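These features come from TrEMBL:
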- 28-110: domain 'G-protein coupled receptors family 2 profile 1' (DOMAIN)
- 122-373: domain 'G-protein coupled receptors family 2 profile 2' (DOMAIN)
- 124-144: transmembrane segment (TRANSMEM)
- 156-174: transmembrane segment (TRANSMEM)
- 210-229: transmembrane segment (TRANSMEM)
- 236-256: transmembrane segment (TRANSMEM)
- 276-300: transmembrane segment (TRANSMEM)
- 320-340: transmembrane segment (TRANSMEM)
- 352-372: transmembrane segment (TRANSMEM)
Amino acid sequence: MLTDLDILDGLRIYCMHPDCVIQLEKEKCMERMAMDDHSSEPELVCQWMWDNLTCWQPAKIGQVIWMPCPELFEVMNEENDEFGKVSRNCTEDGWSEMFPHYVDVCLFNENGTSPDMYYVTVKALYTVGYSTSLVSLTTAMVILCRFRKLHCTRNFIHMNLFVSFILRAFSVFIKDGILYAEEESNHCFIHTVECKAVMVFFHYCVLSNYFWLFIEGLYLFTLLVETFFPEKRYFYWYTIIGWGTPTICVAVWAVLRAHFDNIGCWDINDNAAIWWVIKGPVLASIMINFILFIGIIIILVQKLQSPDIGGNESSIYLRLARSTLLLIPLFGIHYTVFAFTPEDISKRERLVFELGLGSFQGFVVAVLYCFLNGEVQSEIKRKWRSWTVNRYFAVDIKHRHPSLASSGVNGGTQLSILSKSSSQIRMSSLQAETPAT
């Protein structure tokens, strides 16, 4: 299964300058040469060779080595293109000429989409998505913080999820600003501490977002299963899981990278064992959330089919479908889509789906769980009516008692007079509306 971390890692390859891709492959080849202890064996006549595009491993006389097209050509071509292989024969005089040539089997598809245009389009797509999510989530946070009647465990969990989405958007923008600031080959590899710190922050924000999605699912499932649910006590542990567990995972990953894979800006993850320190918890949270999602749907079906609910069969399924659609963006279930799709699905299609849909997820969550929430709408309407009434009485007092506006009475006294006058007006209005008995 591909996660956002893998997708963004792949996009980094797409966005790299061609010379940077070549330099990256050369660096990998040099590392393999340095780690090989068998290259000095006498039967290995043909030694390691870097031909500026492909790294050829040692071979014996008469042995034919086949290698796939360099990653540079894979980036430049469409994912569904048939890529051939190139070969060299080990002879007594060393390596033979390559057959077939790169031009014949790895040539850039001129009829395909330009890679530059492609990654610029994808980057623009998720930039718009994260920007939209950032604005909507910030607005939702202000609303939930402003109204005290909305302060409950459920909304506190929503607010932490909103914060994780906000941090995720910020981390993506900061990461792009660092990694994509320069495209020339002399800026291929950045080794500064600041750059590595940005990548650590980025992974922490993404991992925290996944864990708060998991907590949303866990909270709702527990709420449906348990009759007596001490929400405040559970919220303490939710906070530790949501923010503490990613801290531990990212700290372990950073230490391992610093000691065993301290290459570049830590933006390319070639060491699979170290990468699983972060990827493992992400996949685990997604799969557990998927199981919780199925469990919640089963519980909803049972509750909707209860005779106490009422309604015909069509309305039952309608409510079930609505509940399901609301749960999908909250739990991040869409991340499991490509876990069950064939491998021949283009990585470019995955890239657009994951980054495009994922970047707008924060916006969808803010709309569904704040702007369309009945309690939120009621509080906003109540506040609006209160503000309208106060404004009406303030204007009415200004016309009835113009001396208040021009007098030298201080602000506190004027407010007190206004409040008393407003009370008198409201009382007289009520008396006028009350029918005589």
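Backbone N, Cα and C atoms are what each Cβ position is placed from, and that goes for glycine too.
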Query: Between the transmembrane segment (236-256) and the transmembrane segment (156-174), are there at least three Cβ pairs closer than 8 Å, leaving out pairs fewer than 6 positions apart?
result: yes
Message: Which residues of the chain, 6 or more past the ends of the transmembrane segment (210-229), have a CB below 8 A from one of its CBs?
response: 153-154, 157-158, 160-161, 164, 238, 241-242, 245-246, 281-282, 285-286, 288-289, 292-293, 295-296, 299, 327, 330-332
Query: Tell me, what is the mean pLDDT of the domain 'G-protein coupled receptors family 2 profile 1' (28-110)?
result: 78
